[in-house]
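What follows is one structure encoded as structure tokens, with my remarks underneath.
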Amino acid sequence: MAQPPQPELRLDSDAGAVFVLESKGKWWHAGFHLTTAIVGPTILTLPYAFRGLGWILGFFCLTVMGCVTFYSYYLMSLVLDHCEKAGRRHIRFRELAADVLGSGWMFYFVIFIQTAINTGVGIGAILLAGECLQIMYSNLSPNGSLKLYEFIAMVTVVMIALSQIPTFHSLRHLNFASLVLSLGYTFLVVGACIHAGLSKNAPHKDYSLESSSSSRVFSAFTSISIIAAIFGNGILPEIQATLAPPATGKMFKGLLMCYSVILVTFYSASVSGYWAFGNKSNSNILKSLMPDDGPSLAPTIVIGLAVIFVLLQLLAIGLVYSQVAYEIMEKQSADVNQGMFSKRNLIPRLILRTLYVIFCGFMAAMLPFFGDINGVIGAIGFIPLDFVLPMLLYNMTYKPKTSSLIYWINLFIMVVFTGAGIMGAFSSIRKLVVDANKFKLFSSDVVD
């Protein structure tokens, strides 16, 4: 049986990993990284996700996915602790999966899924940041000539500069600022939605679902995939790798910090946005607050501040997810050219990271599907990595008795979310194909 490459922590043999994943962090640093990886401007998509679920099912799915992801991330941290105590400290998701499951193909499967997630998040972050700039520009200059792809190009240039930050651990202060920003724009958007819902220009509140039963089913699974993407964090082992050993117990504290922020932000954003706009909610609720065919539904200063906070946090999110993509690229390139990515040799790193960011920016400008991208990433990326694999890894590592409750809970979660992932992938890709008729290449409007 083919064996996956084993993790080596010597600088001369695995410079990419040591350079990107420095192990110096405290538990609160892990909390900052986790919060930035999960709590991002994608929460502004939650009212849009409720559009396909309604109030009751929307709350149910939001709560269940929150509980399941906290549970799965905790189980994964236990598996990582178990391996570390056994002398096999893993700093990459792909090597953890291959070690526990004993299969070489799993190593490359996780590489594929992680790369898809990281690239998708990178594209989505650049796209949403470009849209935020466009919102600010259109408010200041309604008849301006700049297009969406030009704002995306501006964001891409900034991301190229920031991409040269060398290590994940180096982002800890930036990610603390990201946590504060997420709370800031959430409160601003919630206040703006309440103001919009009570104003004289408030849109008609319609919470009905689609009339066709088949359309309701497809919309529901697309919404489930979007919520999965919002809760998703396909880089937990890499985040735990930033902690100074031993990491036992530190990730649990980091998760508690992260999910405290989630509790405040996710529910307030989804309730206020869906209450104000119902089934007319946009995939970016900021667009609902500033309709094209009427006056702004909230004070300009409030929306402007929210847009600025979102824009700043998007840069941090793009950096967090890109770090793992950089590590994958730099590790593979270092295997070809040993020592290429030492701390003294920065040119290859600069070139690879620049090319990666340019690719993400180009795809964001060419295919502006924000809501659809979220759904596809959730279905084919975050569901298998965050809702299925952690339970499988735990059962394979700790081998609970088949008569035990935890064994059947884990098995039930795996079966349910495997089915949800398959249906979500089908419905999300179907919606992507349907929406393809609504846009042209390098469009100046983001397609819902």
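Glycine too: its Cβ is placed from the backbone N, Cα and C atoms.
Residues or ranges marked as domain 'Amino acid transporter transmembrane' in TrEMBL: 24-430.
TrEMBL lists 30-50 (among others) with the feature transmembrane segment. Same-chain residues lying 6 or more positions outside the transmembrane segment (30-50) and placing a CB less than 8 Å from one of its CB atoms are 58, 62, 73, 124-125, 128, 168, 171-172, 175-176, 178-179, 182, 185-186, 189, 223, 226-227, 229-233, 235-236, 239-240, 242-243, 250-251, 253-258, 261-262, 265-266, 269-270, 272-274, 276-277, 281-286, 288, 310, 313-314, 316-317, 320-321, 370-371, 374, 448.
For the transmembrane segment (56-80), the residues of the chain that approach it from at least six positions outside its boundaries are 34, 46, 49-50, 90, 96, 100, 220, 223-224, 227-228, 231-233, 236-237, 240, 247, 251-252, 255, 259, 262-263, 266-267, 270, 274, 386-387, 390-391, 393-394, 397-398, 410, 413, 417, judged by C-beta separation under 8 angstroms. The transmembrane segment annotation in TrEMBL covers 56-80 (among others).
Look at TrEMBL and you will find 100-128 (among others) tagged as transmembrane segment.
What TrEMBL lists as transmembrane segment is 148-165 (among others).
Annotated transmembrane segment per TrEMBL: 177-198 (among others), in sequence order.
Taken from TrEMBL, the feature transmembrane segment applies to 218-236 (among others).
Look at TrEMBL and you will find 256-277 (among others) tagged as transmembrane segment.
The transmembrane segment annotation in TrEMBL covers 297-321 (among others). Here the transmembrane segment (297-321) has long-range neighbours at 33, 36-37, 40-41, 44, 117-118, 121-122, 125-126, 128-129, 132-133, 135-136, 139, 155, 158-159, 162-163, 165, 168, 171, 174-175, 177-178, 181-182, 184-185, 188-189, 191-193, 195-196, 199, 201-203, 235, 286, 288-291, 360, meaning same-chain residues at least 6 beyond its ends whose C-beta is under 8 angstroms from one of its own.
Per TrEMBL, transmembrane segment is recorded for 350-370 (among others).
What TrEMBL records for 376-394 (among others) is transmembrane segment.
Here the transmembrane segment (406-429) has long-range neighbours at 68, 71-72, 75, 217-219, 221-222, 224-225, 228, 372, 375-376, 378-380, 383-384, 387-388, 391-392, 394-395, 400, meaning same-chain residues at least 6 beyond its ends whose C-beta is under 8 angstroms from one of its own. Positions annotated as transmembrane segment by TrEMBL: 406-429 (among others).
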Do any residues of this chain, six or more beyond the ends of the transmembrane segment (218-236), have a C-beta under 8 angstroms from a C-beta of it, and if so which?
34, 37-38, 42-43, 45-46, 48-53, 57-58, 61-62, 65-66, 69, 73, 76-77, 93, 113-114, 117-118, 209-210, 251, 262, 266, 320-321, 323-324, 371, 374-379, 381-383, 385-387, 420-421, 423-428, 430-431
Out of 177-198, 256-277, 376-394, which stretch has the largest tally of CB pairs under 8 angstroms to the transmembrane segment (100-128)?
376-394
Within-chain partners of the transmembrane segment (256-277) [C-beta distance under 8 Å, separation at least 6 from its ends]:
28, 31, 34-35, 38-39, 43-44, 46-47, 49-51, 55, 58, 62, 66, 70, 179, 182-183, 186-187, 189-190, 193-194, 196-197, 202-203, 205, 207, 230-231, 285, 288
